Each structure stands twice: as C-alpha cells, then as structure tokens.
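**Q** First the structure, which I've put down as structure tokens, then a few questions once you've had a look.
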Amino acid sequence: MKRAILIAASLMAGVGLASAEVAPLNVVYDDAGAVAVSLSGAPGDAEMGRKVFSTKSEGNCVSCHAVTELVEDVPFHGEVGPVLDGVADRWNEAEIRGIVANAKKTYEGTIMPAFYKTTGYIRPGDAYTGKAAKTDPLPPLLTAQQIEDVVAYLMTLKEE
Amino acid sequence: MKRTQLKTLGSTVAMLALVAGSASADEEANLVVNEEIEMVVRTDAPAHVENLSTIYSGWVFRSDETQALQMDDFDNPGMIFVDQAAERWAEVEGKNGKSCASCHGDVEEGMKGVRAVYPKWVESAGEVRTLEMQINDCRTNAMDAEPWKYTSGSMTNMVALISVQSRGMPVNVAIDGPAEMMWEQGKELYYTRTGQLELSCANCHEDNYGNLIRADHLSQGQINGFPTYRLKNAKLNSVHARFKGCVRDTRAETFSPGSEDFVALELYVASRGNGLSVEGPSVRN
C-alpha cells in the first residue's frame, strides 16, 4: 500500500517534470517558423548537441550539412544542405529551434526532415525496418532535449 | 578559442575538399566495355522527363576504381552470376520436360533486345510485365516448374543473363497506349514523399544527384545498369530490391518486390532512362 502510494507519487513527479516539456503537437511556431521557448524546458548542452548532430542513429545532420569545426573528428560531410559555419550569425536561437524542429515551417517544401513532428506521414514506417509503423503518433526523430542540445551546438557556430 | 579555430580554418576547409574529392568520380569519363561495347552514359533527357535536361548512368557517379571494374568482363564480378544463369538456360526443369532453350533457342539469338524494352505491356496477358514476371510466367506455364522468388539469386542471375544480350542497346520502354496508366501510377509514386523523413525519389535523385549525402555520391537512380553487382553485398541486386532499400531509408513502410506499385515504379524509372545504354550487369559500391 505504502509502496503503491510512493509509486503514484513518483509517477506524478514524472508527469510534473514532463509538463515543462512541449509535446510535438503543441509546439508554437510563429509566422516565419521560429519557436520562442525551449522544448524541454531546460537549456541545451552544446557538447551533447555536437554528438547528436554527427551521430548516424541520432540527428545525422552531417549526412546533409558540412561543418568545418567537425571535420577532424567526423569524416564525410554531406552537401545536400548548406554548410553551417556561421549559422548563428544568420539566425537567432528561436529561428534555429524552429528550423530543427520542423524546417518546413521556415522553408516550404524543403528536403530537410522535421525532427520534432509525429503525425501526418505517408506510409510511416517503424524506424528503418521497412515495416509499418507500430504507433500513431510516431516517436519524434529527436527528443525535446536533443533538439535543445543541437540548437545550443549550432549557437556556437559563429564567424563574426 | 575563436582565434585558434580561425587559424585552423584554412587547413580544415582543404580537408573537407579532400574528403569530398575521394568519394567522387570522374563524371566526364566514357564507358567502353571490353574495348568493344560503347555505352551511352549521358544523353539528352527524353521529353517525358520534366525536370532533367541530361540523363546520366549511375556509372558516371562511381569512384574511378568501381568504374574500372565494369570496363572489362574479366574484372566484372557480376559476370560469374551470368555464367551460372547460362548453365540454367539449357537445364530441363518442371513437368513439361523443358528448359528455357527449348522455346527460345540460343540465348544470344532469342534474348537479343529484350531487356531494352522491359517492363512492357504484354497483350496476351493484359498487363504490364517486368522481366521477372515474364520469366516466372515461362516457368509456371510453359515449363510447369516452380516459380522463382522475385528477388532470389536464380531470378536475378537470369535477368542479368538476358540483360547481357542487350548490352549497348538504348533503353526504349514504351509509355503510351495500354502502358500509360501504369506509367502514371509510377510517376505519382516517384514524386510522393514517404516515411518519417518525408523524402521522394525525386528529392534525392532529381534535386540532388551529383551531391554527397554523407559518403554516398547521389546518382539519378537510373536502372539501365541492372542487375547491379554491389561490392557491398557481393551479389547481383535486382531493381525491386534496390527500390525497397531506398523506400526503407525514408523511414517508410516499403512495398513488396513484385507488387503492382513497384512494377509501375519500375516502368516509370526505366522510362526516365530511355536513350541510355543497357549496361547490366553493372558494378556499384
């Protein structure tokens, strides 16, 4: 009995924590596609974001974008998207958050995938298995905190 | 911190260029196989391909080393599988006591020009057929033998043997008349953005051919070189197996090899290569 209450209490604490997080369906984009508030409710960690950016099973951003600062650590940068050197001089944090969460709100029809979106797909699959998705909505490609970490990393890419 | 970053910028940019350079190919090279068969690897796009002016064989985008493997049949590992199929050609199978040769004679005579026009509308069957479908129709009806699995080794090797008999001939699939509906269906699929990555064939192979996606040098996704021997899995790969892999990579539920959707897509993609030479079996990474 006591244990049940404890579990319930910790569950609620968990819910409490999660409520600081903005769920994918509740993200507010402004007219230009920017997102003003942190999706996780916490600040991002640039070092973690650098890893998310370059890890194949996470953001895999490097498959389309080159970053000079990464070259010595990570081979083979793609050239489908623009080089991101100095990206923080071109966009502010809210704009970058919007681009990473759902780039289609900033660039209509862009090839860049939406990393914090969970519904509205044609033939959604179960990750890279080729089989049908098991859930609707799908888990987003990146978690709220991973998005914040990537945003923090991109904010370090300044040239000026 | 910033200053040291700036200092290294010059050298790292050079490194970037190097990395890109090592993965890319001589896009100007010409392909002559066995110093004899001159392949058309780039030519004007057919009028029905709306967003390309020039079409390129996938060979153009491969590394120098991979390109070289396709220039001589002794170096092309795909030819081993063609030889295996050549043995099957005359092998009697099934309840009717027949082999492919019983009906079609010498493969060099009987199959010349066939690959170049498939997939095609087969009037007697009232459907668009891929080579694989036609082969299985021969097996089940003419030979009364077991059909081969659509992407099996036996099937893909036989498709390669038949392709070899058209090497150097221009791809020339018909898209009008009774094939038109399937062609439209394939075109629709080509431009549909599937899966959680919301990518269509066109996003990668029309909008971004020539670009690197990570270490992969994107081609136009032409199928004139199929079946392809891939260094990655050391066997011949069929068109529908490749389609399946590409759709899976968009984090989508794929279509099955041999399904109507993939037959339609094959007809459409083949037609985008009308004018390129039949190259199968080609060599890819």
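Heads up, the Cβ atoms here are built off N, Cα and C, so glycines get one too.
Keep in mind that TrEMBL annotations are predicted by a computer and have not been checked by a curator.
As annotated in TrEMBL:
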- B:1-25: signal peptide (SIGNAL)
- B:84-171: domain 'Cytochrome c' (DOMAIN)
- B:CYS100, B:CYS103, B:HIS104, B:CYS138: heme c 1 binding site (BINDING)
- B:185-278: domain 'Cytochrome c' (DOMAIN)
- B:CYS201, B:CYS204, B:HIS205, B:CYS246: heme c 2 binding site (BINDING)
- B:ARG242: substrate binding site (BINDING)
- B:CYS246: active site, cysteine persulfide intermediate (ACT_SITE)
**Q** For the domain 'Cytochrome c' (B:84-171), DSSP counts of helix, strand and coil?
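**A** The counts are 43 helix, 9 strand, 36 coil.
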**Q** In the same chain, which residues outside the set B:CYS201, B:CYS204, B:HIS205, B:CYS246 have their CB within 8 A of the centroid of the CB atoms that define the heme c 2 site?
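**A** Filtered neighbour residues, in order: B:LEU199, B:SER200, B:ALA202, B:ASN203, B:GLU206, B:LEU218, B:GLY221.
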**Q** Spatially speaking, which of the binding-site residues B:CYS201, B:CYS204, B:HIS205, B:ARG242, B:CYS246 is closest to B:CYS100 (heme c 1 binding site)? Use C-alpha to C-alpha, please.
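**A** If we rank B:CYS201, B:CYS204, B:HIS205, B:ARG242, B:CYS246 by Cα distance to B:CYS100 (heme c 1 binding site), first place goes to B:ARG242.
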**Q** Other than B:CYS100, B:CYS103, B:HIS104, B:CYS138 themselves, what residues in this chain have Cβ atoms within 8 Å of the centroid of the heme c 1 site's Cβ atoms?
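**A** Once B:CYS100, B:CYS103, B:HIS104, B:CYS138 are set aside, the remaining close residues are B:LYS98, B:SER99, B:ALA101, B:SER102, B:GLY110, B:ALA142, B:MET143.
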**Q** Might you list, by sequence position, any residue in that chain lying six or more from B:CYS204 (heme c 2 binding site) with a Cβ less than 8 Å away from its Cβ?
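**A** In sequence order, B:ILE213, B:LEU218, B:GLY221, B:CYS246 meet the Cβ cut-off.
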**Q** Using C-alpha atoms, which one of the binding-site residues B:HIS104, B:CYS138, B:ARG242 comes nearest to B:HIS205 (heme c 2 binding site)?
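**A** Minimum Cα distance from B:HIS205 (heme c 2 binding site) across B:HIS104, B:CYS138, B:ARG242 lands on B:ARG242.
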**Q** For the binding-site residues listed here (B:HIS104, B:HIS205, B:ARG242), which one has the lowest count of neighbouring CB atoms within 10 Å of its own CB?
**A** B:HIS104
**Q** Output, ordered by sequence, the same-chain residues six or more apart from B:CYS103 (heme c 1 binding site) with a CB under 8 Å from its CB, or 'none'.
**A** B:CYS138, B:ALA142
**Q** So how many other Cβ atoms are close to B:CYS246 (heme c 2 binding site), meaning within 10 Å of its Cβ?
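**A** The answer is 17 other Cβ atoms.
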**Q** Using Cβ-Cβ distances, find the residues under 8 Å from B:CYS201 (heme c 2 binding site) that belong to the same chain and are at least 6 apart in sequence, listing them in sequence order.
**A** B:LEU189, B:TYR190, B:TYR191, B:GLY221, B:CYS246, B:LEU265, B:VAL269
**Q** Give me the count of other Cβ atoms within 10 A of the Cβ belonging to B:CYS100 (heme c 1 binding site).
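**A** By my count, 25.
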**Q** DSSP helix, strand and coil counts for the domain 'Cytochrome c' (B:185-278)?
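**A** The breakdown for the domain 'Cytochrome c' (B:185-278) reads 34 helix, 16 strand, 44 coil.
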**Q** Could you tell me the mean pLDDT the prediction assigns to the domain 'Cytochrome c' (B:185-278)?
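**A** A mean pLDDT of 98 is what the model gives the domain 'Cytochrome c' (B:185-278).
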**Q** Looking only at B:CYS100, B:CYS103, B:HIS104, B:CYS138, the residues listed as binding heme c 1, what is the longest Cα to Cα distance in Å?
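**A** Binding-site diameter by Cα atoms for heme c 1: 11 Å.
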